[in-house]
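Trainee: Just lifted these from Swiss-Prot, have a look:
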type     : residues : note
TRANSMEM : 9-29     : transmembrane segment
TRANSMEM : 42-62    : transmembrane segment
TRANSMEM : 67-87    : transmembrane segment
TRANSMEM : 107-127  : transmembrane segment
TRANSMEM : 134-154  : transmembrane segment
TRANSMEM : 159-179  : transmembrane segment
TRANSMEM : 192-212  : transmembrane segment
Amino acid sequence: MEHDYLISLLVIVGIDLILGGDNAVVIAMASRHLPDKQRQQAIILGTFIAVAMRIGLTSAAVYLLNIPFLQCAGGIFLLYLGYQLLIEKKDTKHIKSSTSLWRAIRTIVLADLFMSLDNVIAVAGASHGEFSLVVIGLCVSVPVIIWGSKLIHIALEKIPLLIYAGSGLLAYTGGEMIVRDKKLSLFMAQHGTVETLLPILTVAFVILASIYYQQVEK
């Protein structure tokens with residue numbers, strides 16, 4: 001029994017760590033323009049709100065999958081988020097600090113909400129009804145998310161072009177969510193090329209659209 005518990009725990013921790021890497025990218029990108037103190041607040045608050053929300057999502061995992069086009073809507077949101085983070089201006093003096101902070105937290109939480117959909121289903125299955133496994137797995141992933149986002153922020157400061165890689169990751173994840181939506185499964189099964197190419201095309205679309213916007217704004 002203990003052996004099965006440990007195996008399930010390792011599986012859940014692995015799932016949470018994989019998602020934690022994606023979360024760290026989103027957190028670093030969403031908070032990169034904030035002053036140091038507010039960035040720390042955004043990282044900590046955003047992480048803990050997202051983790052608490054994911055615990056609730058895991059409890060409702062089965063019901064979530066029955067909502068029509070939820071994954072598709074989440075995928076489209078991630079495309080928008082990837083685009084928005086690319087065109088975001090660093091000069092935010094006209095925005096109140098508190099507004100910027102809560103906007104960053106909102107971005108982190110919403111991105112986590114949609115990016116977690118697939119993972120909470122996997123976690124719910126791996127936990128076999130042991131809710132303690134869900135909580136332990138998420139607690140283990142928290143330091144990874146927090147420290148990972150700080151390291152990614154440092155990398156973004158040194159190599160600004162990495163923002164395109166981060167947005168590309170969001171776009172690709174969004175494209176994958178769209179093609180995996182249950183309501184679109186029949187169409188995707190009949191058009192295998194679309195299923196393969198769509199995530200790649202969404203990356204190209206988001207990056208090219210942001211470059212076009214920046215050229216127009218000059």
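One-based numbering along the chain as shown.
Quick reminder: no glycine exception, Cβ is built from N, Cα and C everywhere.
On this model, are these features tucked inside or out on the surface, and what's nearby?
Mentor: For the transmembrane segment (9-29), the residues of the chain that approach it from at least six positions outside its boundaries are 42-43, 46-47, 50, 81, 85, 107-108, 111-112, 115-116, 119, 122-123, 126-127, 133-134, 136-138, 140-141, 144-145, 148-153, 156, 163, 166-167, 169-170, 173, judged by C-beta separation under 8 angstroms.
Packing against the transmembrane segment (67-87) from elsewhere in the chain are residues 26, 29-30, 107, 110-111, 113-115, 117-118, 163-164, 166-171, 173-178, 180-184, 202, 205-207, 209-210, 213-214: each is 6 or more residues past its ends and has a CB under 8 Å from a CB in it.
Only residues 6 or more beyond the boundaries of the transmembrane segment (134-154), in the same chain, are considered here, and those with a CB under 8 A from a CB of the stretch are 9, 12-13, 15-17, 19-21, 23-25, 27-29, 31-32, 39, 43-44, 47-48, 51, 54-55, 58, 123-124, 127, 162, 166.
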Trainee: Counting only residues 6+ away from its ends, which parts of the chain sit with a Cβ under 8 Å from the transmembrane segment (192-212)?
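Mentor: Tertiary neighbours of the transmembrane segment (192-212) are 79, 82-83, 86-87, 164, 167-168, 170-172, 174-176, 178-179.
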